[in-house]
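J.: First the structure, which I've put down as structure tokens, then a few questions once you've had a look.
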Amino acid sequence: MSHTLSLKELHDLETTERVASCFSLIGTSVILFTFIYSPAFRKPVNRLIFYASWGNTLCNVATLVSQSGIRAGRDSHLCQFQGFLIQMFLPADALWNLAMAINVYMTLFRRYNAQQLKALEWRYHCMCYGGPFIIALVYIFIETPSKGKIYGPAMLWCWIDIEWVALRIALCYAPAWCCILISFCIYVLAGREIFVKRRQLRAFTKSTRPVPVRIENSFTSFKTTEIQITSELATLHSPNVSNLCSMPDKENPNMSGKGYDQYSVTIGSAPMSPSSEAPSPKTPRAHSTIAQRNHRATMEANRAAFGYTKVALLFFVSLLVTWVPSSINRVSSLLHPSLVSLPFTYASGIVLPLMGFWNAVIYITTSWAAVRLLFNGKLNKNNGPVKRSSIGLSSWPSLGARKWTGAESDSVKGLAVGHRSRYDQV
């Protein structure tokens, strides 16, 4: 640690910030262009990344300014504007990551569909942009004789001045870490839910045997029924029945029921023995179809579970990479205000401007099928989204106390694998 940085170190730090900001701007440009260009990219999770990208872009505008705001002076409009942008859009990225985790939770555990998820978006905007905007705006007007304005030199750029360093922790890093911890808990619960269902599905497909299906051809198969007719003399005890059975015949009036013994006729049928039935044709194709369907359902569940794990891991790693080095640096500056840690200062200058880049990596991962079509020239703005596979997670049976619904499967599948879901154009 040292008390100050040399001019060369400051120049290198400024170059590092601007290069990282350029990578982030390239990533956010890819997100904005593809999302607007084709409906194939408009899955629910990508909608939130798209909204977060606008904040990433404006934050990168501030990081591109870098130390020019500091050189312009604490009271300059450039320094104050740079501090406002960073204070508003730096914590907004962590809040948007929390919104993505909330979407996963609402889909899996509250069974929200596309319309219900979309109805939450105005609340996400209020949480992610509304709250930070109020705080960042208020900071502009706060000034004291002893400490001066809140926005001022912060080593990397103009932000919360060292005299107000506690505000960095209270209103930026503490909320960001709360978002990280809540998101982590949601992803753990969601991952557990998905892998439990995956394990149940695999057990179901292993234990289920194909049910023999008999397909009868109307041209070749038939059944034989034995008809037995027996007759016997009957003694009539009921006068009504006697009168009914002994009514004279109109064509033969001389014939009367009185001169004849009454009789009854019984017609019965009995199925032939199994050996006497015509053999039914074998249906190996039906058995094979059921086995293939179970196998495809299991493979689809495996792919979705693996894809979800990959995306959730990317979300969590991006949060850790972005916030751990900068948090350590800010805590160090809180404990030792007069000392500067060169490694953590450089790390902060790299990871904080790269937030948009990490979001682009996640965005491309969740939309990989559409990305391949785009690069192969098979996707344009008039194309529909990528066709979904014939068997998805909605094939999962009802196992346990709660039914695995199609809404859950489509949303998680859209998050994890990047296939077309019925929510894509919502």
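For all residues, glycine too, the Cβ spot is worked out from N, Cα and C.
Predicted automatically and left uncurated, TrEMBL annotations should be read as such.
As annotated in TrEMBL:
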- 13-199: domain 'G-protein coupled receptors family 2 profile 2' (DOMAIN)
- 20-38: transmembrane segment (TRANSMEM)
- 94-112: transmembrane segment (TRANSMEM)
- 124-142: transmembrane segment (TRANSMEM)
- 162-190: transmembrane segment (TRANSMEM)
- 305-324: transmembrane segment (TRANSMEM)
- 344-371: transmembrane segment (TRANSMEM)
J.: Count the CB pairs under 8 A between the transmembrane segment (162-190) and each of 20-38, 94-112, 124-142, 344-371, then give me the winner.
T.: 94-112
J.: Using a Cβ cut-off under 8 Å, which residues of the same chain at least 6 positions beyond either end of the transmembrane segment (94-112) come close to it?
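T.: For the transmembrane segment (94-112), the sequence-distant neighbours (Cβ-Cβ under 8 Å, at least 6 residues beyond its ends) are 44-45, 48-49, 51-52, 55, 120, 124, 127-128, 131-132, 175-176, 179-180, 182-183, 186-187, 189-190, 193-194, 315, 318-319, 323, 405, 407-408, 411-412, 415.
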J.: Where else in the chain does the transmembrane segment (20-38) make close Cβ contacts, counting only residues six or more beyond its ends and a cut-off under 8 Å?
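T.: Sequence-remote neighbours of the transmembrane segment (20-38) are 46-47, 49-50, 53-54, 56-57, 60, 63-64, 349-351, 353-361, 363-364, 367, 370-371, 374, 379-381, 383, 385.
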J.: Averaged over the whole of the domain 'G-protein coupled receptors family 2 profile 2' (13-199), what is the pLDDT?
T.: 91
J.: Where else in the chain does the transmembrane segment (344-371) make close Cβ contacts, counting only residues six or more beyond its ends and a cut-off under 8 Å?
T.: 5, 13, 16-17, 20-21, 23-28, 30-31, 34, 38, 40-41, 43, 45-46, 49, 52-53, 56-57, 59-60, 63, 90, 93, 155-156, 310-311, 314-315, 318, 321-323, 325-326, 328-329, 332, 379, 385-386, 414-416, 418-420
